[in-house]
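Per Swiss-Prot, these features apply:
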BINDING   PHE22, ALA57, TYR58, GLU59, THR81, VAL82, ILE83, PHE114  5-amino-6-(D-ribitylamino)uracil binding site
BINDING   GLY86, THR87, ARG128  (2S)-2-hydroxy-3-oxobutyl phosphate binding site
ACT_SITE  HIS89  active site, proton donor
Amino acid sequence: MNIIEANVATPDARVAITIARFNNFINDSLLEGAIDALKRIGQVKDENITIVWVPGAYELPLAAGALAKTGKYDAVIALGTVIRGGTAHFEYVAGGASNGLAHVAQDSEIPVAFGVLTTESIEQAIERAGTKAGNKGAEAALTALEMINVLKAIKA
């Protein structure tokens, strides 16, 4: 039986982070968590991290796809926050971001880590950006690094 598992240490990884400006008071914490995980745990060098800001979560798939197509990156991390309001807008934005990012990963065959919070309230978002529920930006970064190594092992 062959079992493929991988660790997250990836010192030579080239990683792009695309991040939404909308709700940046939360997204800034996601970004801090992602960068900390990349550098401290993944051992990724500063010069191998690119950050691309977009207006909102709905624009993340387009930027992630453009980054993936360059061939310069081993993974893309998408960060953003969508908070439910009183209209159906939440479903459209959250669904569009989620489905779009999944398509980018499948089409590009590089990891696209989903670090987009979809919450019922600002309080829930804050909890997931570094307080009670950990930092989902850091978790997305670790997922990206592990998947880089998993794909390398599969192709080896």
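Even glycines carry a Cβ here, placed using N, Cα and C.
Here the features listed in Swiss-Prot are painted onto the structure.
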{"residue": "PHE22", "record": "5-amino-6-(D-ribitylamino)uracil binding site", "DSSP class": "coil"}
{"residue": "ALA57", "record": "5-amino-6-(D-ribitylamino)uracil binding site", "DSSP class": "helix"}
{"residue": "THR81", "record": "5-amino-6-(D-ribitylamino)uracil binding site", "DSSP class": "strand"}
{"residue": "GLY86", "record": "(2S)-2-hydroxy-3-oxobutyl phosphate binding site", "DSSP class": "coil"}
{"residue": "ARG128", "record": "(2S)-2-hydroxy-3-oxobutyl phosphate binding site", "DSSP class": "helix"}
Which of ALA57, ILE83, all binding-site residues, has a Cβ with the fewest other Cβ atoms inside 10 Å: ILE83
Separation of alpha carbons, TYR58 (5-amino-6-(D-ribitylamino)uracil binding site) and GLY86 ((2S)-2-hydroxy-3-oxobutyl phosphate binding site) (Å): 18
Residue among recorded positions HIS89, ARG128 with least C-beta crowding, 10 angstrom cut-off: HIS89
Top Cα neighbour of PHE22 (5-amino-6-(D-ribitylamino)uracil binding site) in the set of recorded positions THR87, HIS89, ARG128: HIS89
When distances run from the Cα of ARG128 ((2S)-2-hydroxy-3-oxobutyl phosphate binding site) to each of the recorded positions THR81, VAL82, HIS89, the nearest one: THR81
Distance from HIS89 (active site, proton donor) back to VAL82 (5-amino-6-(D-ribitylamino)uracil binding site), taken between C-alpha atoms, in Å: 10
Other CB atoms within 10 A, centred on PHE22 (5-amino-6-(D-ribitylamino)uracil binding site): 17
Binding-site residues compared (THR81, THR87) - highest count of Cβ atoms within 10 Å: THR81
Integer Cα-Cα distance in angstrom, ALA57 (5-amino-6-(D-ribitylamino)uracil binding site) to HIS89 (active site, proton donor): 12
Cβ contacts of PHE114 (5-amino-6-(D-ribitylamino)uracil binding site) (under 8 Å, same chain, 6 or more positions away): ALA78, SER98, LEU101, ALA140, THR143
